[in-house]
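Peer 1: Annotations per Swiss-Prot:
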TRANSMEM  39-59  transmembrane segment
TRANSMEM  74-94  transmembrane segment
TRANSMEM  103-123  transmembrane segment
TRANSMEM  131-151  transmembrane segment
TRANSMEM  161-181  transmembrane segment
TRANSMEM  188-208  transmembrane segment
TRANSMEM  218-238  transmembrane segment
Amino acid sequence: MEKIVNADGSDAICPASAACAKSIRSYQESYSLGEEIANAVTHGIGVGLSIVALVLLVVRAVHYTPADLTARYVVGFSVFGSSLIVLYLCSTLYHALPRGAKYVFGVIDHCCIYVLIAGTYTASCLTTLYGAIGWTVFGVIWGLACSGSVIYSVFGHRVRWLSLVMYIAMGWLVVFVAKPLRERLPEISFLFLVLGGVLYTVGCVFYALKRIKWTHTIWHMFVIGGSVMHFFSLYLSF
């Protein structure tokens, strides 16, 4: 391939390459080494907790649900647990990897938030929100998750605020099915469901304040808290 040079003989930079590099630089968030270690450690712990959660939920479904419902619960709980593992693993890798490797895992990390939201809904759709209403919610939430992931994959950090709004909006779409959930879930399970949503939402405030030191680590802790609440909501749902 012929080398492109400027009129003065210096190497020219391909406009497309320059735009790509600029996008990558704008995406990479300026965390200190201490912050990145804390970010990686917190969600590394989340990976371990997620594996435990997946095992406990599946074991409970196998041993304590009626035979005709077992498959539905196992699949729903498996999707939820797997989405937790994927989210926390990708987040840990993103914060642990060297700066030059962050871009791809950063995009995957943010897309995994959509996966976790949809995975959480899936567990409820297959267990508590069965029937037409369950499949409607399932289709809507996965459609939004796929759309959000594609948008973020194409535009990256430039649509960070749009993604944040979508995360919150998708999470609180649950208000449209709050009545059947309230009627079908034990009170303690419904309480944990709501508490999980509140923790995720409060955590989004710290996510938005990324220019303030340590706020991203605080966001991570709120995410873990929300995940724990939703684990207990599902575990105590029957």
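Positions of Cβ are set from backbone N, Cα and C atoms, glycine also.
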Peer 1: Where, among 39-59, 74-94, 188-208, 218-238, do we find the most CB pairs under 8 A to the transmembrane segment (161-181)?
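Peer 2: If we count Cβ pairs closer than 8 Å to the transmembrane segment (161-181), 188-208 scores highest.
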Peer 1: For the transmembrane segment (218-238), give me same-chain residues lying six or more residues beyond its boundaries with a C-beta closer than 8 angstroms to one of its C-beta atoms, as numbers and ranges.
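Peer 2: That would be 38-39, 42-43, 45-46, 49-50, 53, 56-57, 60, 64-65, 73, 77, 80, 84, 91, 116, 120, 123-124, 127-128, 185-186, 188-193, 195-197, 199-200, 202-204, 206-207.
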Peer 1: Which one of these stretches, 39-59, 103-123, 188-208, has the most C-beta pairs shorter than 8 Å to the transmembrane segment (74-94)?
Peer 2: 39-59
Peer 1: So if I exclude everything within five residues of the ends of the transmembrane segment (188-208), which remaining residues of that chain have a CB under 8 angstroms from its CBs? That is, six or more out.
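Peer 2: Distant contacts of the transmembrane segment (188-208): 164, 167-168, 171-172, 174, 181-182, 215-216, 218-219, 221-223, 225-230, 232-234, 236-237.
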